[in-house]
Amino acid sequence: MISIQNLTFYYGCNPILKDINLTIQNNSWVSIVGHNGSGKSTLAKILLGLLAFNKGQIVIDNIVLNEKNLPILRPKIGIVFQNPDYQFTGLTVREDIAFGLENYNVCREEIIAKVLKYAKMVKIDDLLDKNVNQLSGGQKQRVTIASILAMEPEIIIFDEATSFLDPQGALEVQKIIQTIKNKILITITHDLDFASKSDEIIVLYQGKLITQRPPKNLLQDPLFLQQYKLTPPLSLQLYYEILKDSTTKKIKNNQMLENLKDILWQYNLKK
């Protein structure tokens, strides 16, 4: 479990995060959304121990996040960044997935087994002997995910992990993320369509935590989304347009509208 209490972070004299309080349960998937500059990536860097916060407390798996405990906490957390090109230096897919394990003195037989297991999980087992530099952006990001999974962290952060990918590559990576179980998953994203698949959505706005609630509750509140500059999934945009039109024409069949909303919501979840 991750517990954050009264977290405040300043960059120079500017407050980037202001008195953040939230709890993320074990084996849950949360999405953190918000416009640019809301503090999403800053929060991720703090959780990784890359930035020291000014006030508050973070407890991860009953361990307080501080400089003394960083060597204990860092192996518990993995991160997938925006750009899949940042770490590749001419290795094969097999070598890249094995790289971190070799640094942790894992025995050769276990490395071979883990490489194959996680390559299959992200559907790149047919690419194991291919040079990573020859892969598409989506394939590279899947290699990154396999490398992180092979380290078996308890928490994985996806920091805009699909934003550099074409639509097909982004969809492939999103589907893989949805298959990961028994970990805390934190997806930082602008894509509310993708965020709607998670257990909870956390909204940050100008460094403040606005809400933490289930996607269906949040995404069916058009006034809230408009207030905090969030774009709803396309299927729900259609519902809002129909709702607006029905209001204009004074259509009062509320049950029909509710049924339509549920149909569009279920369609959104199945995409």
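Each Cβ is built from the backbone N, Cα and C atoms, and glycine gets one as well.
DSSP assigns Asn36 (ATP binding site) to coil, not to a helix or a strand. Annotation source Swiss-Prot lists ATP binding site at Gly34, His35, Asn36, Gly37, Ser38, Gly39, Lys40, Ser41, citing sequence analysis.
If you average pLDDT over the domain 'ABC transporter' (2-231) in this model, you get 92. Residues or ranges marked as domain 'ABC transporter' in Swiss-Prot (evidence: sequence analysis): 2-231.
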Any further residue of that chain within 8 Å (Cβ to the Cβ centroid of Gly34, His35, Asn36, Gly37, Ser38, Gly39, Lys40, Ser41) of the recorded ATP site: Thr42, Leu204
Among His35, Lys40 [binding-site residues], residue with fewest other Cβ within 10 Å: His35
